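Asker: When I checked Swiss-Prot for this same protein, it listed these features:
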- B:1-34: transit peptide (TRANSIT)
- B:LEU143, B:PRO144, B:LEU145, B:GLY146, B:SER147, B:GLY148, B:LEU149, B:GLY150, B:SER151, B:SER152, B:ALA153, B:ALA154: ATP binding site (BINDING)
Number of protein chains: 2
Amino acid sequence: MASLCFQSPSKPISYFQPKSNPSPPLFAKVSVFRCRASVQTLVAVEPEPVFVSVKTFAPATVANLGPGFDFLGCAVDGLGDHVTLRVDPSVRAGEVSISEITGTTTKLSTNPLRNCAGIAAIATMKMLGIRSVGLSLDLHKGLPLGSGLGSSAASAAAAAVAVNEIFGRKLGSDQLVLAGLESEAKVSGYHADNIAPAIMGGFVLIRNYEPLDLKPLRFPSDKDLFFVLVSPDFEAPTKKMRAALPTEIPMVHHVWNSSQAAALVAAVLEGDAVMLGKALSSDKIVEPTRAPLIPGMEAVKKAALEAGAFGCTISGAGPTAVAVIDSEEKGQVIGEKMVEAFWKVGHLKSVASVKKLDNVGARLVNSVSR
Amino acid sequence: MASLCFQSPSKPISYFQPKSNPSPPLFAKVSVFRCRASVQTLVAVEPEPVFVSVKTFAPATVANLGPGFDFLGCAVDGLGDHVTLRVDPSVRAGEVSISEITGTTTKLSTNPLRNCAGIAAIATMKMLGIRSVGLSLDLHKGLPLGSGLGSSAASAAAAAVAVNEIFGRKLGSDQLVLAGLESEAKVSGYHADNIAPAIMGGFVLIRNYEPLDLKPLRFPSDKDLFFVLVSPDFEAPTKKMRAALPTEIPMVHHVWNSSQAAALVAAVLEGDAVMLGKALSSDKIVEPTRAPLIPGMEAVKKAALEAGAFGCTISGAGPTAVAVIDSEEKGQVIGEKMVEAFWKVGHLKSVASVKKLDNVGARLVNSVSR
């Protein structure tokens, strides 16, 4: 069976499929998605498409950032997913069809209700009140599934932005994040620490969900910050990763982690890569429970720090390790040491890349006017 | 018995008093203070006094700031304690004597080993390696004891800075905070969220204790921020206040509070009083357990918010309530409503004041040269 992005098997899909009507209106299906916030139409008059087709890109994201578990994330440059979206008269009005999936994985479902890009596209169409136009979507995956780099969020972000662009950019970034959250809720729970930076770029602090309250944190453009991303050839045991999370936190660890998250935010706003790395590296709650589940992770962190990284932790739920440094050259040396440690200690092959912050987020790459 | 600042009765004082030597060297006594960090002499050559006498001031402080429990605090303008320190040949060399205590309370001990100002002065003298000069100290309390406004920290900060000034300012602010911590450890535990802002001014984030790692957070000087401080005539039950603190925190509350603390830091650095108030007001861990122990506190918070305050919480361990607003006039109206609520619901008289941030911290007020 084609997989729904990299949804955990513990979270079965269920959506409304009434027997009495073989082709219920698409929105009826969408409205029963198990999300905390239900998507509402936000535009008074149904917009017309301003383009025949658009191509969008959305970047990879690093969620958690150590002590920012479940409320901080950032986008990284140069890695990500592409969506090509076309007005397609052969597709039923108000619906989206997935024509093709290419790139790092093709085993994803082309059923739009079971595909991250499809779910986000449908949610965005619903917000725009699209009833008269059908769309077809091609997804090009640049990110591997289950790497801890926000693969599902990148697909969802690229799709949400593509729909918004093709209809003349009527929705703001918060609304696009809500559309993307419809997809994330299916994949890894209702958390915005990948989808928000995937759409908005830079660092984003998630302050609240009801109502959604996102705080972009701008890293100064004149300061240098590089992420060393090392992805091992290992499928992170998502279920175990979740089960490993403590439900109760000792007060002393709560105070520690909170103060480090606060320092991380100060470091971002002041452009202090050293302080940022130190804070990112200081998680006493989540990383200690998850790192032992990724072979070699503790040695990889040690190797990164010994090679001069300002800090290192698990990207998202892993297995990718992320280290922070202030130059690309140093980043490459650090990456080599991390790859070596994954191999020597974890017996895992891995691939390193050194990336800058992506300050733009999901964006239009090109478009064909009507 | 004169009280040691407002030390909890659950924390008895014990210091070394060897029977075989009726007058042991002062430093021997100091070295057994029950502090995690022991004070070391930090100056190679014993400095000579550059003044005959100095007068210093240290401001009141608001610790915790809601979700910043145990790691965030700030100094407020216009309230605080004064210390006058003199070179006194009648005092044994290397020792400090407390001559007089005046102001809001005079029931404090004049034994320097049992007085916040005395303990901090001795710790600072030890850091400076003072063996040849005796000092006498007058303490003028501007702050009431046990108000939640950092009364003990203000005395300690004023004393530490006075000693440093009289000997030519050889120590930096981090070292003075360590000296002040010797005193705080006796009074309310080894936490720096009052003493650090009392010495450094502004907002301070405490990142670590071993080694001490303090991060000043500068609120932009061109932005307006006012604190409405409402102190009820009520002795906060310190022991109950501490006992009320949970030892284990649900993960969901940890994530929530951490994200609010992170937002608070962003608000401070960006000078966003509205966001600051909202974050300060959002604690789900400490305030809900402590507020019910202060009669009327919940109603006071409600009254503050209804009167337009951006946020409201307990200052330190209480009983003072602190609200945040962007103008003095609005602050006065909010203060009246809070006083009214303390009276109507808590049946407590209270006093309101509207204060700005103190960006300077403990400082020299005047000095007499040799």
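We number each residue from 1, going along the chain as drawn.
Placement of Cβ uses the backbone N, Cα and C atoms for every residue, glycine included.
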Asker: Have a look around B:LEU143 (ATP binding site) and count the other CB atoms within 10 A of its CB, chains all included.
Answerer: 24
Asker: With a 10 Å radius around each C-beta, find which of these binding-site residues (B:LEU145, B:LEU149, B:ALA153) has the fewest other C-beta atoms nearby.
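Answerer: Sparsest of the binding-site residues B:LEU145, B:LEU149, B:ALA153 by Cβ contacts within 10 Å: B:LEU145.
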Asker: Near B:SER147 (ATP binding site), which residues of its chain come within a Cβ-Cβ distance under 8 Å, counting only those 6 or more away in sequence?
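Answerer: When sequence neighbours closer than 6 are ignored, B:SER147 (ATP binding site) has B:SER231, B:SER315, B:PRO319, B:THR320 within Cβ distance under 8 Å.
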